[in-house]
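Q: Annotations for this protein, taken from Swiss-Prot, read as follows:
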- Gly166, Arg167, Ser168: NADP(+) binding site (BINDING)
Amino acid sequence: MTTIIDGKQIAKDLNAQTATRVAALKKRDIVPGLAVIVVGDDPASAIYVRNKHKKALKLGIKSVVRELPATTTQAELTQIVMAYNVDPTIHGILVQSPLPAGLDEQAIVAAIDPQKDVDGFHPLNVGRLFANLPGKYPVSCTPRGIMTMLATLPMHLRGKRAVVVGRSLIVGRPMAAMLLNADMTVSVAHVHTQHLSDLTRTADVLVVATGVTHLIKATDVKPGAVVIDVGMDRDENGKLTGDVDFDNVAPRVAAITPVPGGVGPMTIATLMQQTVDLCEWSEQRGNN
């Protein structure tokens, strides 16, 4: 029987753990702080930021949302990031993407203190992940959330085959690194991959993050596989759906994430978890 991986419940459990950690910090007069910088008025960004802000406050995390006009210059945005870098009440800094045209997003991310890089996108932290270095450092939230989900399954990853469809810096590439670090044999597919189905059918764990509605059909998966759908798409009727044809794929596999209610809740829960991580690590360094 197929296991439907309940991202909402796993996120709820993770949030409860995070709230407990926040309460313990507050007993020592330490409050984790998250700063989210939004430039322009992208409607989707506004929804994401509002959800992050509400969740942070609910868990007891200090949440600062800095809204800036689309006319903000590179220098002005960099200056604001640098101010949060030295603010002892802020432990995590997030610059909401996409940024308006004319702003260099990579340069802005690189300006964030790597020890406050709550999204795990700073080149130093990306390099640490890909080098599988020991130590405490933030990583990309969605892939980390997926690893948390996989840990709830009665499956050993070591030695198994994983295929990641998508090579973005936000999901695909860090996801492949985390699975490789878990001793899986990993392949990464993308828009130029030939004979995609031949590759995806080899996967014991298939992670799909393309933004292409129902790209993966029942014939594209290995029977008994675990399928993680990162897609958040709209079908022709406006219904929220994913990159995987859930109704037809689910009966063939051992476990699958639904859309909605799968990966989505885990991303914000992991962001909150990582904000508290950064606060605790800062305390251990004697910065609080």
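Here, residue 1 is simply the first one shown, and the rest follow in order.
Just so you know, glycine gets a Cβ as well, placed from its N, Cα and C.
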Q: Within 10 Å of the Cβ of Ser168 (NADP(+) binding site), how many other Cβ atoms are there?
A: 16
Q: Note the Cβ centroid of Gly166, Arg167, Ser168, the recorded NADP(+) site, then list each other residue of that chain whose Cβ lies within 8 Å of it, in sequence.
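A: Checked against the 8 Å cutoff, the neighbours are Val164, Val165, Leu169, Ile170, Val171, Gly172, Arg173, Val188, His190, Ala209, Thr210.
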Q: In the three-state scheme derived from DSSP, which category covers Ser168 (NADP(+) binding site)?
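A: DSSP assigns Ser168 (NADP(+) binding site) to coil.
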Q: Between Gly166, Arg167, which of the binding-site residues has the fewest other CB atoms within 10 angstroms in the structure shown?
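A: Across Gly166, Arg167, these binding-site residues, the one with fewest Cβ atoms within 10 Å is Arg167.
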